[in-house]
Structures are given as structure tokens and as C-alpha cells.
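One structure is given here, and the rest of the page talks about it.
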Ligand code: EPU
């Protein structure tokens, strides 16, 4: 039951280096089991979801060595395709669903518990299942487990009904080992889709078109190990950009791909923030008063849903009324009550939040409702007048490496405390 204590008011100054992308590496690690081989993966972030994925693969029989941000995954010896005993681990993250595609691709069979992850609305996996069925798998869901079997895995033409990051990656994972050609239409285009496809291609897969909405995959019989370095995390980068903007800071964010940040750079510039792009870095200089803006979350290259919560914090102190329309997940506004407790002026109408700027947020005790809401609470704490206590930060540890250390290095007054769960006393 760790909590953060933040004394707000310090502008962030200095440099921060971004770690590997959570949502890329969580597809890449399962991808490494697609053959009897050994792969080396660099720039792996030290976050809870990655650590859980490693534990699951070890329990299935993979040999994994880790040194700093490098992972070696060795699956030369066969591993199990049955994940049903590890419901506790799979239930704590969304990306456990990638074991379905990877194990189906390698063994033509997979038994994997239904995934967990942030509670941000209805999160069906019907498009994943539709894809696996099109490739020839029979899929049964019973007792909380997805059970799949495909005596033959055959390439297919799959049109996704919704643009889904998870379904696009999962179908790629299975299709790279199918017989013949698979075409995924209406595919997601996020940078992590391209990163997983690049990793698979280095393993010997034949994927073309990743990063566009039509991905073509010709299945291969053999794959092999490879060495790969994961791209920097777009959402972590955006979080630091917004923290700098909110605190009127001046920071250089290193190890980023500025192209991935265009939607965020554009919105921050519209608010009056100075954003300077470098080759592999971005400098952000916060200038207040911030101007009100309107944001609608969209699949990439649109404004990412994973950054609407930190963006909402900026809007709470911008001049005028801003709006955020959340078009990806139907209940990603649970954090709004916490911001209201800090004095924010926010009203919600269906999927749109209207936020009228106030002079300042006032410090109080708030809680984290999910991973990105947690990042938003931290930014709120950084700008509030006085001491903010943020509880349930376990959500933040799932996806941000060294958040507290990085912010301290940038001059923030933030510390972590451990508390006993009162219910356990
Ligand atoms: N959807 C369906 N059916 C499906 C799959 C998705 O209807 O079979 C719907 C969802 O309900 C949602 C939309 O399609 O309305 C998009 O969902 P998507 O599948 O793209 O999301 P996801 O795979 O569940 C990943 C990230 C999320 C991120 C979203 C959107 C991982 C592990 N998770 O989730 O990341 O918000 O894509 O970009 O990659 C986070 O990192 O905090 C996080 C929540």
C-alpha cells in the first residue's frame, strides 16, 4: 500500500531519459516464444507489467536472464501452452492476451485466462477471437479461460470491426506462423504495432504494412532468435511533457522519437507551451497562462487515450473552458472526482468532459483509479498548493519506470511512503 507525498509548486528543470515502450515490449516478450530459439531484447523497462509477463513465461518453462534493461529469453526447450494455472498474474494486466496469439502460432493450441488490466470501460476481446477463428482456430471460453486449438493455421483476410491495438498485434503473432497469406484490414497503426512487427520480421517473419491500416503477413515455417532494442515509450514521454508544461518547467526529454509525439506537441503548442524538437529529444518549456483547447482521443496518429488524463490536469489551470472527448474507452473519466476534490471545475456529459480553468489546484488526499489516471494525479500534485497524498500508486508502478526518482532529479518534491492496509491491522 505505497503512496506518494508531493509538495507542489516546484517547476521541473533538467533532463530525463525515457525507457522502453510498455505496450511494445508487452507484445515483444510473448513474440519471443514463437520459435525454439533465444532472443536478446534491450531497452526493457523495469515495470510491474513486464515483471509479471516474465514470471508467467518462466512458469511456462522459458529460461529468462535479465541484466539491467536487457532480457534474454530462451525457449529452445518446449514450453507449456497452458497458462490456466497463472490466473493471478494474467488477471493483473491486459497484455496477457498476447500469450493467446503467440502460443497458438507456435503450438496450434493455447489455454489462457481472460485478461485483466485497467478498469476503463468495456474491453471485449471479440476482435482477437474473430481473427483467431478466421485463421482456423476453434475458440471456447469457459471457466474464465480462453481455450483454442487449430489443427491447421491458415492465412485469412480479416477486417477488424474496430481499430484495436490488441487484436492487431495478437493476430500478427499467430499469423506469422500460419500457412499462406493473412491480410488485416482496419489495423491499428500505433508505434508499438510497428515495433512488434519489426521484432517479428527480425525473427524471420514476413510482415509488410505495419503502421498503415492494411497489414500483410506471409506465414513462415521457421523463425529464429534475434537481437532487438524496444522503442521509447510515447505515453511516458507525453506524461513528462505535460508535467513540464503544468509546472512552468523547462526540461529536455531524451531518447524519444519526436514523430510519435506530433499530436501531443501540436496540442501543447496550441496551449502556449514551447515544444522544441531535436533528433532524439524534445525540450518542453511551460508558459502560463495556458490557453484552453479541445481534444478528442483517437487511434494513432490522433491524440492518444492514454494521455487524456494528464491533459485534463493541464486544462484545470488553463484560461477558459476546454473539452476532452474520449472516443476509445467509455469510462475513462473516473479520475475526475479526484481532481474535483482538488478544486477543479469539471462537468461530464456522456463522453465529453468540459473543464473550466481555476487559478490553482489545492492539495488534498487523492487516489489513483488506474495507470494513466495515476500519472495525472502526480501532475496534479506537482502543481497543487501544499502537500498532496496519492494513494493506490500500485497502478502507476505497472507502467512508469522510476517515476519518483526521475521527478526528484527534475526538482520535484515527491517521496514514496509505505502504509499498512488498515483492513489488515
Ligand atoms: N475493442 C473491441 N473488441 C476487441 C478489442 C477492442 O470492441 O476485441 C474496443 C475496445 O473496447 C476499445 C477499442 O476497441 O473501445 C480500442 O481497444 P484496443 O484493443 O485498441 O485496446 P487494448 O488493446 O485493450 C491497448 C493498450 C491500452 C491503450 C489502448 C488504446 C496494451 C496492453 N494496452 O489496449 O493501454 O489504452 O490499446 O490505445 O497495449 C495503458 O497503457 O494505460 C493502456 C490502457
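The backbone N, Cα and C atoms fix where each Cβ goes, and this holds for glycine too.
Keep in mind that TrEMBL annotations are predicted by a computer and have not been checked by a curator.
Bear in mind that the values here come from a model prediction, so they are computed numbers and not experimental data.
Per TrEMBL, domain 'Enolpyruvate transferase' is recorded for 7-407. As a whole-number mean, the pLDDT of the domain 'Enolpyruvate transferase' (7-407) in this prediction is 96.
Secondary structure at residue 23 (phosphoenolpyruvate binding site), as computed by DSSP, is helix. Spatially close to residue 23 (phosphoenolpyruvate binding site) yet at least six residues away along the chain are 95, 165, 190, 192, 235, judged by Cβ distances under 8 angstroms. The phosphoenolpyruvate binding site annotation in TrEMBL covers 22, 23.
Spatially close to residue 94 (UDP-N-acetyl-alpha-D-glucosamine binding site) yet at least six residues away along the chain are 115, 116, 117, 118, 123, 166, judged by Cβ distances under 8 angstroms. The annotation UDP-N-acetyl-alpha-D-glucosamine binding site is assigned in TrEMBL to 94, 123, 124, 125, 126, 127, 306, 328.
TrEMBL lists 118 with the feature 2-(S-cysteinyl)pyruvic acid O-phosphothioketal. In the three-state DSSP classification, residue 118 (2-(S-cysteinyl)pyruvic acid O-phosphothioketal) falls within coil.
Sequence annotations record features per position, and here TrEMBL assigns active site, proton donor to 118.
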Students should find that the Cβ of residue 118 (2-(S-cysteinyl)pyruvic acid O-phosphothioketal) has, within 10 Å, a number of other Cβ atoms equal to 21
If you count the C-beta atoms lying within 10 Å of each candidate's C-beta, which of the binding-site residues 126, 306, 328 ends up with the smallest number? 126
In the structure shown, which of the binding-site residues 22, 123 has the fewest Cβ neighbours within 10 Å? 123
Expressed to the nearest Å, what is the distance separating residue 306 (UDP-N-acetyl-alpha-D-glucosamine binding site) and residue 22 (phosphoenolpyruvate binding site) at their Cα atoms? 12
How many Å lie between the Cα of residue 125 (UDP-N-acetyl-alpha-D-glucosamine binding site) and the Cα of residue 22 (phosphoenolpyruvate binding site)? 20
In three-state terms from DSSP, label residue 126 (UDP-N-acetyl-alpha-D-glucosamine binding site) for me. helix
Alpha-carbon spacing, residue 124 (UDP-N-acetyl-alpha-D-glucosamine binding site) to residue 22 (phosphoenolpyruvate binding site), which is rounded to whole Å: 21
